[in-house]
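> Structure in structure tokens, see below.
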Amino acid sequence: MSTEKLKHHKIIFVVGGPGSGKGTQCEKIVHKYGYTHLSTGDLLRAEVSSGSERGKKLQAIMEKGELVPLDTVLDMLRDAMLAKADTSKGFLIDGYPREVKQGEEFEKKIAPPTLLLYVDAGKETMVKRLLKRGETSGRVDDNEETIKKRLETYYKATEPVIAFYKGRGIVRQLNAEGTVDEVFQQVCSYLDKL
């Protein structure tokens, strides 16, 4: 199946640190605009639990703590996008690209992004939100030390990506310090113009 038809879709990369609220904003965008939300993490987990050949290979890679090859991630994104191409009004690609090369490969194999939404919350805010989430989520990676490490990794990886797309003029930065609705108002002001 050709990726040709994906070129006419709106494709939005959503980038934001852990605790920035990007998951919540993605849900609201899906609800209001009829976009399809694709998270690379969810796709990988679904593939593993499907028990497919690809899933078994992925499980072995992830159990070793290694990074899943870029080609595999792109194939999964492309398959998921093509499966929804006829019914979706657009795509939110969540947690991708994590580096400039991933963005370039995405364009080569799939299509160029329409926008990059940068859900930007300050470090303090993200730490606070994650600690609060940790009280109820039971997620082992929601303790302060791990959180600070995750944020460091996130900033290191994301800054060049943001700079790359700023150079193209497609970054829309959201001040994610406000309430969910305040942040969503900013989102709408950008998406309504597309």
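A Cβ is built for glycine as well, from the same backbone N, Cα and C atoms used for every other residue.
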> Taking Gly90, Gly178 as the options, which does Swiss-Prot list with Gly19, Ser20, Gly21, Lys22, Gly23, Thr24, Arg133 at the ATP site?
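Looking at Gly90, Gly178, the one Swiss-Prot places in the ATP site next to Gly19, Ser20, Gly21, Lys22, Gly23, Thr24, Arg133 is Gly178.
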> How far is it from Arg133 (ATP binding site) to Thr40 (AMP binding site), counting Cα to Cα, in Å?
21
> By DSSP, how many residues in the region 'NMP' (39-68) are helix, how many strand, and how many coil?
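Here the numbers are 22 helix, 1 strand, 7 coil.
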> So among the binding-site residues Ser20, Thr24, Thr40, who's got the most Cβ atoms within 10 Å?
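Top count of Cβ atoms within 10 Å goes to Ser20.
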> How long is the line from the C-alpha of Glu66 (AMP binding site) to the C-alpha of Gly19 (ATP binding site), rounded to the nearest angstrom?
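Computed Cα spacing between Glu66 (AMP binding site) and Gly19 (ATP binding site) is 24 Å.
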